[in-house]
Amino acid sequence: MTGAADAHAEHRRLSSPSARFGARAQGRASAAVLQARLVEQESRTLAATLARHTASGEVLRAAALVVGARRRFVTGAGKSFAYATLLAADLSAALSQVTLVDDTIVGALDVLTEVRDTDVLVAFSFRRYRRTTLGIAEQFVAGGGTLVAVTDDERAPLARHAAVTVVVGTDSASWADSPTAVAATVHLLGALTTASAKGARRRLADRDRISGALGVYVAADEHTGRTPQHETDTTRRGTR
């Protein structure tokens, strides 16, 4: 095996955070040395993942399924819920009928009792693979829906049920699996889906208009510390 393949195999062998911490926290490397290792590995993992996406077309196929769906659901448990939330936020800005299944406001049981064959579920699941996510995905597919799995291995539990499996590298020099390539994949999937969606331009423009009317965001003159009066005074001083 190559050096990269050896490193990946070692990463997969260390299957728990405690195992990775024990293997990687040997000795007392300086913060600068540790930072260099982390940056090098994150860069390598991100580059490998994006190269895979380009070669495999997995993200393109996933985006096509999401665009073609009548309703889009997104889910994940534990740390993966953060990725699901990020994708749902990006998709809902440009598409209608996007629902984050969080088992609080939107319960999995409510969704699973009304699955249609035009529905798509994007499910995030990374080792050690939560049973909750797998169970939701299995029932969603059994109900006639289509599953897009975003996971870290083509043999992961979700992959058995997925129409498209998007494989993302999580190799890291840390005790925690890397989120870097996952976040990049979410961004890529969201951008490709939005670019293909009918009405995305109008929906984004409407959101800008309405958020402005509601005063949702801090105005530019507020976050720069400048006020219209300050600008007027400055202008007057400059003309004296």
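Any Cβ shown, glycine's included, is placed from N, Cα and C.
According to TrEMBL, the domain 'SIS' annotation covers 62-205.
Marked as region 'Disordered' by TrEMBL: 1-21 (among others).
Annotated region 'Disordered' per TrEMBL: 220-240 (among others), in sequence order.
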For the domain 'SIS' (62-205), jot down how many residues DSSP puts in helix, in strand and in coil.
65 helix, 26 strand, 53 coil
Overall pLDDT for the domain 'SIS' (62-205), taken as the rounded mean:
95
